[in-house]
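Features reported for this protein in TrEMBL:
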- 66-205: domain 'Peptidase S54 rhomboid' (DOMAIN)
- 237-274: domain 'DUF6576' (DOMAIN)
- 21-42: transmembrane segment (TRANSMEM)
- 78-96: transmembrane segment (TRANSMEM)
- 105-126: transmembrane segment (TRANSMEM)
- 132-150: transmembrane segment (TRANSMEM)
- 157-179: transmembrane segment (TRANSMEM)
- 191-211: transmembrane segment (TRANSMEM)
Amino acid sequence: MADTINRIKAFFMGKSILVRFVLINVAVFIAVHIAALCISVAEIDLSLIRWLELPPVFMDALTLPWTFITYMFTHYDIWHILFNLLWLYCFGLVFLDHFSERDFIIAYFSGGIAGAIFYLSANAIFPQIASNGLLGASAAVLSIAAATVTRAPNYHINLILIGMVKIKWIAVACIAIALLTVGTHNIGGHIAHIGGIAAGIIFAIGCKYGWWHKQTRKRKAVILKPLHRQSVSEASAREEAEKELDKLLIKVKQSGYNSLSEKEKQKLSDLSKKI
C-alpha cells in the first residue's frame, strides 16, 4: 500500500504544475461521482456537493470556509469540466512560457478567490441572482487566460477548423460571451467569471511592474542573510574541530593512545563522533 502511494506521489510530483492542477480537478470530479453513487445506493440523505460548493450567502460561506477553495476544483457536469480543463490546458501552456509555476499557482487561486468575492458581493446586493452555490474552476481558469492575454496578446494558437488565431481575439470573444450572458442564466456564475478575469489582468500587470516579485525578493533577502552567517560560523567551527582532532591523532601516532590524558581521550572520542 505504501509503495503504491509512493508511486502515485512520484508520478504526480514529476508532472508540471499545469498537469497537476488538471489531475486534481479530474480526481475530484471522479471522487465526487463515486461518492454520490455510494450515497445513492446506501439511500443516505446527504448532499455531498453542499459541502464543496460555495454557498450564495456570505454568512453561510463563513460557516464553510473551505468552500472558498474546494469550489474551484469541483465540477459535477461532464461538459463543465471538459470545457474548463480544455481552456486551462490551452492557456496554461502559453502562461508557463511567460510566467513561472509559482505564478501559475498564485494566478489560479487569486482568480478563484476573486470570483468567489464577486459572486458573494453581487448576491448580497441582488439576492435573487443566485439560488444555488458556486461550482467549477471557471473563474480560476479565466484568471490564467486573462493573465496570459495581458502578457502576450499577440501569441498565436492553432484552432481546429479555423487556423492560427491571436489569443487576444479568443479572449475578446470569451469576455463578450460572459458579458452578454450575464442577464440570461447562471448570473452569479458569470459575475464570478468577471472576478476571475479582473484578477488575472491585475496579476499580469503586477508582474510586469514587479509588484509581487519585488516583495518576494525582499523577504528572501531577510531570510537568507542570517542563514548565510550561520553557515559560515558552522564551517569555521568545523575547521577548528578538525585541527584539534589532527593534533590528538598525531600525538597518538607518535606516543600511543595511553599518552593521552583522560580529558584528551574524552575530547578525541567527542570529536570523532562529531566529525
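Using the three backbone atoms N, Cα and C, a Cβ is placed for every residue, glycine included.
The stretch from 132-150, 157-179, 191-211 with the most CB pairs below 8 A to the transmembrane segment (105-126) is 191-211. Counting same-chain residues at least six beyond the ends of the transmembrane segment (78-96), those with a Cβ under 8 angstroms from any Cβ of the stretch are 16-18, 21-22, 25-26, 29, 103-104, 107, 135-138, 140-142, 144-145, 147-148, 152, 155, 157, 167.
Listed by sequence, the residues of this chain that lie at least six past the ends of the domain 'DUF6576' (237-274) yet keep a Cβ under 8 A from its Cβ atoms amount to none. Proximity of distant same-chain residues to the transmembrane segment (132-150), defined by a Cβ-Cβ separation under 8 Å and at least 6 residues beyond the stretch ends, is recorded for 25, 49-50, 52-56, 67, 71-76, 80-81, 84-85, 87-88, 91-92, 94-95, 98-99, 103-104, 107-112, 114-116, 118-119, 167-168, 170-171, 174, 178, 188-189, 192-193, 195-201, 203-205, 207. Within the chain carrying the transmembrane segment (21-42), a Cβ under 8 angstroms from the stretch's Cβ atoms is held by residues 12, 15, 48-49, 52, 70, 73-76, 81, 84-85, 88-89, 92, 104, 108, 137, all 6 or more beyond its ends.
Residue counts for the domain 'Peptidase S54 rhomboid' (66-205) under DSSP (helix as H, G, I; strand as E, B; rest coil) come to 103 helix, 9 strand, 28 coil. Residues 90-91, 94, 142, 145-146, 148-149, 190, 193-194, 197 of the same chain sit 6 or more residues outside the transmembrane segment (157-179) yet have a Cβ under 8 Å from a Cβ within it. Mapped onto DSSP helix, strand and coil, the domain 'DUF6576' (237-274) counts 35 helix, 0 strand, 3 coil.
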